[in-house]
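Participant: Annotations per TrEMBL:
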| type | residues | note |
| --- | --- | --- |
| SIGNAL | 1-28 | signal peptide |
| BINDING | Glu80, Arg81, Val126, Val239, Trp530, His531, Pro570, Gln571 | FAD binding site |
| DOMAIN | 286-300 | domain 'Glucose-methanol-choline oxidoreductase N-terminal' |
| DISULFID | Cys462-Cys522 | disulfide bond |
Amino acid sequence: MSAGQMGRAGLLVVATVLLGSMCLRVTASHEGQRYNFRFVRHARDAPLVSYYNYIIVGGGTAGCPLAATLSEHSRVLLLERGGLPYGNRNVSSEYHFADALADTSPSSPAQRFVSEDGVVNARARVLGGGSCLNAGFYTRASSGYVRASGWDARLVNASYRWVERALVFRPGVPPWQCALREGLLEAGITPDNGYTLEHVPGTKVGGTIFDRRGRRHTAADFLRKAHPKRLTVFLHATVSRIIFRRNEGAAHPVASGVVFTDPLGVQHHVYLRRGGAKNEVILTAGTLGSPQLLMLSGVGPRAHLEKHGIRPVLDQPLVGQGVADNPMNSVFVPSPVPVTLSLVQVVGVTRFGSFIEGVSGSQFGIPLHDRPRHNNNNFGMFSPMTGQLGTVPPKERTPEAMRRAAEVMRRLDRRAFRGGFILEKVLGPMSTGHVELRSTDPHANPAVTFNYFRDPRDVERCARGIEAIQRVVRSRAFARFTYANHTAMEAAFLRRAAGTAYFPVNLMPRHPRDTRPLQQYCRETVMTIWHYHGGCHVGGVVDQDYRVIGVRGLRVIDSSTFKYSPGTNPQATVMMLGRYMGLRILKERLMIRKGSVDNKHH
């Protein structure tokens, strides 16, 4: 290539980069204005150096309500590595709910990862976090969980109500969900608690963040409550490390800011404003993101940090420990009649440590991509395209196995998709694992081990949960939506479909030749329900006020602080915690300010 050609090529590259930057800026600005989020901007628009009272890392289920609350009296920066949820049908529509989980592109709101156990999973990469990806079910934590957490019950209730006024709805319960509810009661999961947001033993209908039109409302909606002149949000901003300083004579390092990169790789430095005793960096990056960022910043197990060439700021061996994912096992119950679409609406809260829920659809009802054009018959959130393949043990769930299962699914008779899934989730769980760095790349997933069913108590809870599902399926109330036995089911459609040996989901009633003990069945069919938590436990990594122990000016406020998953589904409590801690932090700040004024008068 001649010098002239090289020069023209260089100019073309520069022009392309600049044009791409301008397009992305216009898009972010347009979407922000459309939803009255004038304070939401693309990371490329960020100054190279800036200063705030609070720097919040992670615009997810806890980060959005926290940022909105703190902006009432302070200058707040919220950094989110993903984009806006608005205008994306895979996020906003319950009919396309599974598409986000099936999308493995770099721009997907769901970043797929595979645990060291072999179970395929996903983490959020979008403003609003997990509330943009989940099945929408909303239920509070139990009163016992609130007491054990040391929270102020009155403020907790007020914070829940604040969340619920913004985005919680009472679902319209279709016939399949009604039959599930009656079947749970008939199976002995009593009493009937009707519709309630409280977590109580028995069977109930819970809330949902999908409205009656099937439109999802997310934690990003809380930003409408923010003070528009005090909050700044940068999207596509990946934080690479926390900045620490050591004050002369101080015993502990002090968090003073963060470094983030925009999509062009430009580094931006954000610092806490000087002179504010309560200015803080707050991590709300979730169960994977918060421990990962602590370790990337030098807070974690010394030997592990040094292995990756990271200079330790604080030797904290408990960072990344105690991570858990509630094991989920599901069965598909084929129906002789068409079934309308429904996500999770009904739950059976057992007294033996298992929660039972269900989702249904008509052939299966939740499209992956564009079904009319591509004829993508699917099983929605339990499709191999979303990484859920419970018909083979976890270590055998290879990309090739997923591809084969998806291909089989495309050949199935459409009647095979009539029905619904009934699932059980284990309380707790008791089995725990850990998060470790795989590399020093902040964009990459860390290595995660959950150790599903290592504790025998989890296995027994699962087995009892599967027994309860069997009772539901055999109940009089559920008879309309199930076949009498596997033989009748096979005669109706399975032989014409593809044969039971190739059916890509676990069926109920089970095949007579499936004689595995339920304990083995649980281990071999385990999947995720995306309720993983831990890694920065209260009392280990953070104190009761969520301050990182051994460091000043740094907190973690998200699901990584939970030892056990709250309620049947955790999103309500994670959102509540963002509001709850925002109010507490504001109160602390105002008390300090008032104390300073009083001292001046004296």
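Easy rule for this one: first residue shown is 1, then count along the chain.
Heads up, the Cβ atoms here are built off N, Cα and C, so glycines get one too.
Note that the structure is predicted; figures quoted are calculated from it, not measured.
Quick one: where do these features end up spatially?
Facilitator: Note: Arg81 (FAD binding site) has non-local neighbours Gly58, Arg125, His236, Ala237, Thr238, Val239, His443, i.e. same-chain residues 6+ apart with C-beta under 8 A of its own C-beta.
Panel annotation: around the domain 'Glucose-methanol-choline oxidoreductase N-terminal' (286-300), residues 57-58, 60, 113, 123-124, 129-130, 239-242, 244, 310-314, 316-317, 319-320, 323, 435, 437, 440, 442, 445-446, 448, 532-536, 541, 548, 551, 556, 558-560 of the same chain, lying at least six beyond its termini, place a Cβ under 8 Å from a Cβ of the stretch.
Around the Cβ of Cys522 (disulfide bond), the number of neighbouring Cβ atoms within 10 Å comes to 24.
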Participant: Here the recorded positions are Val126, Val239, Cys462; which one has the lowest number of other Cβ atoms no more than 10 Å from its Cβ?
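Facilitator: Checked Val126, Val239, Cys462; of these recorded positions, fewest Cβ neighbours within 10 Å: Val239.
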Participant: Sorry to bug you, but what's the C-alpha spacing from Val126 (FAD binding site) to Cys462 (disulfide bond), rounded to the closest Å?
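Facilitator: Here the two Cα atoms lie 32 Å apart.
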Participant: At the Cα level, what's the spacing in Å between Val126 (FAD binding site) and Cys522 (disulfide bond), rounded?
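Facilitator: Here the two Cα atoms lie 32 Å apart.
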Participant: Across the whole of the domain 'Glucose-methanol-choline oxidoreductase N-terminal' (286-300), what does the mean pLDDT come to? Round it, please.
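Facilitator: For the domain 'Glucose-methanol-choline oxidoreductase N-terminal' (286-300), the model's average pLDDT rounds to 98.
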Participant: How big is the gap, in Å, between the Cα of Gln571 (FAD binding site) and that of Cys522 (disulfide bond), rounded to a whole number?
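Facilitator: Gln571 (FAD binding site) and Cys522 (disulfide bond) have their Cα atoms 25 Å apart.
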Participant: Can you tell me how the residues of the domain 'Glucose-methanol-choline oxidoreductase N-terminal' (286-300) break down into helix, strand and coil by DSSP?
Facilitator: 11 helix, 2 strand, 2 coil
Participant: Determine the most Cβ-crowded residue among the binding-site residues Glu80, His531, Gln571, using a 10 Å radius around each Cβ and all protein chains in the structure.
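Facilitator: Max Cβ neighbours within 10 Å, all protein chains included: Glu80.
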